[in-house]
Amino acid sequence: MPRNTLYDKLWDAHVVRQSADGTGLLYIDRHLVHEVTSPQAFEGLRLAGRRPWRVGANLATADHNVPTTERARGIADPVSRLQVQTLDRNCHEFGITEFGMSDPRQGIVHVIGPEQGATLPGMTVVCGDSHTSTHGAFGALAFGIGTSEVEHVLATQCLIQKKSKNMRVRVDGAIPPGVTAKDIVLAIIGRIGTAGGTGCAIEFAGTAIEQLSVEGRMTVCNMAIEAGARAGMIAVDEKTIEYFRGRPYAPRGELWDPAVKAWRELKSDPDAKFDKEVVLNAAEIKPQVTWGTSPEMVVPVDSVVPDPGKEPDSVKRTGMQQALKYMGLEPGTPVREIYLDKIFIGSCTNARIEDLRAAADVVKGKQVAKRIKLAMVVPGSGLVKSEAEKEGLDKIFKDAGFEWRDPGCSMCLAMNADRLEPGERCASTSNRNFEGRQGAGGRTHLVSPAMAAAAAIAGHFVDVREL
Amino acid sequence: MKIFDKLNGLVVPLDRANVDTDAIIPKQYLKSIERTGFGPNLFDGWRYLDPGEPGMDHGKRRPNPDFVLNRPRYRGAQILLARDNFGCGSSREHAPWALADYGLRAIIAPSYADIFYNNSFKNGLLPIVLERDAVDRLFRETEAAPGYTLTVDLAAQTVTTPSGAVFQFEIDAFRKHCLLNGLDDIGLTLEHVDEIRAYEARRRKEAPWLFV
Ligand code: SF4
């Protein structure tokens, strides 16, 4: 009886050669490229006189630096502009398909990969970006790499890798109303910590994960990296398969059936062995809000900012004190009394159509609170944007006082013009609340789209379960 | 790849856990299309009192006197002492580029984030893992003795204190070999071109939809 995990199966299917010391040469099926982490890799390739090994395995887009307003005018910041132009030039020179800034399919790399069917079940997917873990939601082995590795993949279609440990996070039971994929993954990180998955590939499983839509599953896998794991993944089921039907890069015609047959095998064997296992009860998960500067600093919306004085571990205690100081918060403050300045609905975690629908549901017919200086919605891709407009979501947001922007990373990391000013407090649907992440001195609280939308209306956090 | 073998260097203690890559090198500097020049912006948000943007003369900015790297006794440090989960966050290789460009050659911490750990080796920067107790002790000794240095011997996999205490560290054999000899990964992989082609040929038959 084979007793392999999904990760074991994906790994085994991609090993080109295995060295005695345990390192493997792993074949990469799909390489996604964006402007920030690729210029030095292309330059390295050029200097060594190399060409991409398999041009068709690469797909590029510009997302981090692109403006979300008046795009036709181009990029105002010359440094950002040069980086995006460099990607255009590199893709042109090496013959790589790129969804450039004015392409209707342009968007955040982790949104467009699946949307195009360019990431598929059973693939190895890499990108010079840590949130590549997102693509694991489809039973793929997907992980972020550095620029040296980007060059390595371009040149050889392979990566030198050491196998990670197998970890399973099971979330069992029915998901309570008002609780979303984002809350589930934040609760997981709160439980295991930001280093809880270090050295592991995490498989998310259990009845709650099965209930999630594929988009929700992407949200969960997206933040596997915030739990320290390079890769997060979820077994293939019928929802996964249906998702890919008819997508531009997905198999079609006579290739569809054999592909589906292979995809159905992409799950852990019933008695597969995991090195680590964590189980959560979905019924106990509430809407989550981060209070600190690490995603593990998270509490349910109906509780209070924790007290470092009660933390026995000295390193953790210092971390909590530093975080509270940066965030301008006092221990014991109810989460619902935290007032906000800005609202950001976007990012590769939560900017797909389902996320925008959830947010629009909450704001429909209401008004953004007076104290909110800016509430913005940044769709994950051009196609998400046009679908949302078709459904009239843009109108709902604009009527409520939100700004409706063009797709890109935007204020998830503030490399473009969208950012927090020092001291500003933001409810954000992104994935990182690090110091300065959304702008120097800015204070980020990570939440679900519905929670962010509700906070925009109230001006402070509210419990979406009570709406 | 840069060679790393032996090093005796001044140690600077950075007493924070979960130091993320946004803190190591903030996003505005990621717009560069170069591999070098990130040193002045290492820990930019902590190191300077005024906000920084690319293209500024960073020598003219106001350093934060309280930040450990700015204290005169740690000037010229080559070894960074850090806490758990160092380098968490993004995959940006700009983080090890900035650390190396600043002049750091090795880091000692109880644990690292995976991608950062991996990226460091590609840039001749040695991330050493020591037990938390050992790291605690090194923090105490560094803070107590100005001019405190450590000796790192990669071949022997040891860190030696001025008083002669020796800490052994683990490192995987492949990475050690590459670092000691300054080997280039791409060159090594391209020695297996035939195997890569054979794999591709087999996969094209098994899973042709991956190659359209
Ligand atoms: S949306 Fe944020 S996390 Fe996602 S790829 Fe862009 S910058 Fe990275």
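Cβ coordinates are placed from backbone N, Cα and C, and glycine is handled just like the others.
The feature [4Fe-4S] cluster binding site is assigned by TrEMBL to A:CYS348, A:CYS409, A:CYS412. A:CYS348 ([4Fe-4S] cluster binding site) falls within neither a helix nor a strand when secondary structure is assigned with DSSP, and so counts as coil. For A:CYS348 ([4Fe-4S] cluster binding site), the same-chain residues lying six or more positions away in sequence with a CB closer than 8 A to its CB are A:ILE108, A:VAL109, A:HIS110, A:VAL111, A:HIS131, A:THR134, A:ASN222, A:GLY380, A:CYS409, A:CYS412, A:ASN431.
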Cβ atoms other than its own within 10 Å of the Cβ of A:CYS409 ([4Fe-4S] cluster binding site), all chains, total 32
According to DSSP, A:CYS409 ([4Fe-4S] cluster binding site) sits in coil
Taking all protein chains shown into account, the Cβ-based neighbour count within 10 Å for A:CYS412 ([4Fe-4S] cluster binding site) is 28
